[in-house]
Amino acid sequence: MDKKELFDTVINLEEQIGSLYRQLGDLKNHIGEVIEENHQLQMENQHLRERLDQSDRDKSSETENDSAQKPGHSDIGEGHDNLARLYQEGFHICNVHYGSIRKEGDCLFCLSFLNKK
């Protein structure tokens, strides 16, 4: 190999290393985003599980205390109240984005669902 071929080979390797470095940086950024999203989803999942457990406990204590009430009428009102509470806590209750966190204020789909009679 003469000096020019050796120099061209080194330049080619340098370009490949630069390209790999950029790809590695992009991959690192993507992994960071995925880890952050995973953490948010885990927190949201835990929060929803706690809410579900609390709702189940409330429902079981309510049925024990109010066994003489009509279950059909109270279940409809209670479900609506639970959805309204979830909406006030910042979660979507509409069929479009159900369960995801509301980020930009009120959702028209959720509000129309809450206002149905």
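Just so it is clear, glycine is given a Cβ too, placed from its N, Cα and C backbone atoms.
As recorded in Swiss-Prot, the features of this protein are as follows:
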REGION    45-81  region 'Disordered'
COMPBIAS  46-62  compositional bias 'Basic and acidic residues'
COMPBIAS  72-81  compositional bias 'Basic and acidic residues'
BINDING   His92, Cys94, Cys107, Cys110  Zn(2+) binding site
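In sequence order, His92, Cys94, His97 make up the list of same-chain residues 6 or more apart from Cys107 (Zn(2+) binding site) whose Cβ falls under 8 Å from its Cβ.
Secondary structure at Cys110 (Zn(2+) binding site), as computed by DSSP, is helix. The Cβ centroid of His92, Cys94, Cys107, Cys110 marks the Zn(2+) site; residues of that chain outside this set whose Cβ lies within 8 Å of it are Tyr87, Ile93, Val96, His97, Tyr98, Arg102, Leu108, Phe109, Leu111, Phe113, given in sequence order.
Of the listed binding-site residues Cys94, Cys110, the Cβ environment within 10 Å is emptiest of other Cβ atoms at Cys94.
Note: the compositional bias 'Basic and acidic residues' (46-62) comprises 17 helix, 0 strand, 0 coil (DSSP; helix = H, G, I, strand = E, B).
Its Cβ placed at the centre, His92 (Zn(2+) binding site) has 19 other Cβ atoms within 10 Å.
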